[in-house]
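Visitor: Pasting the relevant annotations from TrEMBL:
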BINDING   N158, H163, E168  oxalate binding site
BINDING   H161, H163, E168, H210  Mn(2+) binding site
DISULFID  C83-C100  disulfide bond
DOMAIN    114-264  domain 'Cupin type-1'
TRANSMEM  12-36  transmembrane segment
TRANSMEM  56-74  transmembrane segment
Amino acid sequence: MLATSFGVGVRLGFFSVLNGVLVAVSAITVVTPATLAFHTTKLNSIKHSNIHKMKLFYFLIAFLASASSIAFAYDPSPLQDFCVAINDTKTGVFVNGKFCKDPKLANAEDFFLQGLGPGNTSNPLGSKVTAASVNEILGLNTLGISLARIDFAPKGLNPPHTHPRGTEILVVVEGTLYVGFVTSNQNNNTLITKVLNKGDVFVFPIGLIHFQLNVGYSDAVAIAGLSSQNPGVITIANAVFGSKPPISLEVLTKAFQVEENVIDYLQKQFWYNNN
């Protein structure tokens with residue numbers, strides 16, 4: 001107990017409260033007015049120091065909590081076109097990406113792909129894309145990267161396309177390529193292009209329409225790294241004019257501001273897939 005009316009504090013047992021601070025003692029102690037004043041000053045200093053520390057502690061907790069909410073307050077990036085939710089798991093269970101093998105059962109073959117190309121460029125586009133994604137290398141699952149080799153015949157084209165889930169960085173191994181991408185509507189659909197020679201590197205930002213054309217007189221080869229295990233690809237002409245079932249003439253004639261016979265002609269073409 002603390003007899004403040006008499007200027008004497010007596011602490012019994014193992015704990016007492018002095019100036020709102022819990023103090024541990026190991027024996028009975030009598031506090032005189034002089035020692036009480038000394039200890040009160042000391043405890044006030046400790047209390048103010050502790051309050052400062054507690055304020056700093058709570059600030060750090062609040063900061064980390066807010067940073068954590070910023071860092072994690074978003075949905076996971078899709079690893080496929082879509083992943084429709086189901087209420088009845090008996091109809092089949094899929095995940096965003098692929099199921100994982102027991103790590104203890106992993107082996108070298110899970111991280112290996114034998115022979116990346118060359119691809120057959122004897123097709124209407126004169127190009128062939130050979131992928132090394134999670135579909136070809138199962139060990140890429142959850143790692144966020146993949147690779148592709150693009151082979152070009154002389155004047156071959158990797159037509160305008162987009163990767164909905166990945167940024168692409170391309171390096172020319174052989175030949176000369178004219179490459180480019182188109183910015184989004186908010187940036188006025190600006191065309192950004194460059195002629196690349198052997199050893200040159202170019203980046204195509206995620207989701208933007210881009211292309212590569214072999215402008216040389218010999219075969220060309222490029223290697224593309226992509227920031228997704230399954231970046232996906234949408235070839236613009238194939239998607240717009242070769243969809244199944246076809247997009248209605250009314251939609252396309254209004255979108256492209258042309259006559260129906262033009263759209264009808266384009267929809268009847270065979271749109272080759274070089275992937």
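Each Cβ is built from the backbone N, Cα and C atoms, and glycine gets one as well.
Let's see these features in context: how buried, what's close, how far.
Guide: Using a 10 Å Cβ-Cβ cutoff, H163 (oxalate binding site) registers 25 neighbours.
All protein chains included, C83 (disulfide bond) registers 13 other Cβ atoms within 10 Å of its own Cβ.
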Visitor: Quick one: mean pLDDT on the domain 'Cupin type-1' (114-264)?
Guide: 97
Visitor: Compute the mean position of the Cβ atoms of N158, H163, E168, which form the recorded oxalate site, and then list in sequence order the other residues of that chain whose Cβ is within 8 Å of it.
Guide: A148, H161, T162, L170, F204, H210, Q212, A224, L226, P231, V233
Visitor: State the count of C-beta atoms found within 10 angstroms of the C-beta of N158 (oxalate binding site), not counting that atom itself.
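Guide: Around N158 (oxalate binding site), other Cβ atoms within 10 Å: 28.
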Visitor: So which recorded positions out of C83, C100, H210 end up within 10 angstroms of H163 (oxalate binding site), measuring C-alpha to C-alpha?
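Guide: Of C83, C100, H210, within range: H210.
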Visitor: Give me the non-local Cβ neighbours of E168 (oxalate binding site): same chain, 6+ apart in sequence, Cβ-Cβ under 8 Å, ordered along the sequence.
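Guide: In sequence order, the residues whose Cβ lies under 8 Å from that of E168 (oxalate binding site) (at least 6 apart) are V203, F204, H210, A224, G225, L226, S227, P231.
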